Amino acid sequence: MVDFYYLPGSSPCRSVIMTAKAVGVELNKKLLNLQAGEHLKPEFLKINPQHTIPTLVDNGFALWESRAIQVYLVEKYGKTDSLYPKCPKKRAVINQRLYFDMGTLYQSFANYYYPQVFAKAPADPEAFKKIEAAFEFLNTFLEGQDYAAGDSLTVADIALVATVSTFEVAKFEISKYANVNRWYENAKKVTPGWEENWAGCLEFKKYFE
């Protein structure tokens with residue numbers, strides 16, 4: 001039994017859901033109400049002392065950080081290694097894209113939008129410039145490429161599509177970046193679990209209305 005503690009609106013949680021779908025793992029989903037402090041209860045702290053989501057528990061083995069969970073699911077349950085190839089160079093590029101998503105692209109979203117959504121802070125133009133810079137980088141990575149890392153779908157695409165779709169519901173103009181826009185339209189068609197990802201995006205969209 002693979003237990004999955006999550007929120008549907010969370011981009012990192014959605015990347016795990018899509019990865020699980022891609023490798024055929026059924027998740028026993030457990031909604032965690034952060035506003036009610038469920039992540040701070042002793043029983044959850046025992047599982048994840050960092051009290052973050054997503055958190056996966058696979059037959060007693062607990063893991064958090066979405067990109068680590070993605071890789072674990074592919075390595076343990078993938079019927080092939082196509083989503084995370086064993087070739088060191090291919091894997092290195094995928095890792096770079098995952099770290100880019102975590103430290104640059106998704107981080108730029110969090111830095112700009114979260115203060116507005118959760119603290120009612122005014123928009124910070126400097127933080128918005130970081131978003132634009134992140135999209136310029138991604139646009140460059142995708143020049144002449146259908147996928148984010150290599151010539152087929154990988155966990156890098158899945159992580160990035162979870163993030164980029166969240167930018168879409170925040171009304172960021174993805175279409176200004178031609179390569180990103182082309183990649184994104186293709187990713188919607190080829191990423192397993194896209195429909196559930198989009199449903200989660202629409203949950204998150206309520207914060208912007």
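Note: Cβ is positioned from N, Cα and C throughout, glycine not excepted.
Swiss-Prot names His51, Thr52, Ile53, Glu65, Ser66, Arg67 as glutathione ligands; from the candidate set Ser10, Ser82, the record adds Ser10 to that same site. In this structure, the binding-site residues under consideration are Ser10, Ser66, and the one with the smallest number of other Cβ atoms within 10 Å of its Cβ is Ser10.
Other Cβ atoms within 10 Å of the Cβ of Arg67 (glutathione binding site) number 23 in total over all chains. Counting only same-chain residues six or more apart in sequence, the Cβ atoms lying under 8 angstroms from the Cβ of Thr52 (glutathione binding site) belong to His39, Trp64, Glu65. Residues near Ile53 (glutathione binding site) in space but far in sequence (CB under 8 A, at least 6 apart, same chain), listed by position: Tyr5, Tyr6, Leu7, Ser10, Pro12, Cys13, Leu32, Leu34, His39, Trp64.
Of all Cα pairs drawn from Ser10, His51, Thr52, Ile53, Glu65, Ser66, Arg67, which the record names as binding glutathione, the longest spans 16 Å. If you draw a 10 Å sphere around the CB of Glu65 (glutathione binding site), it holds 18 other CB atoms from the protein chains shown.
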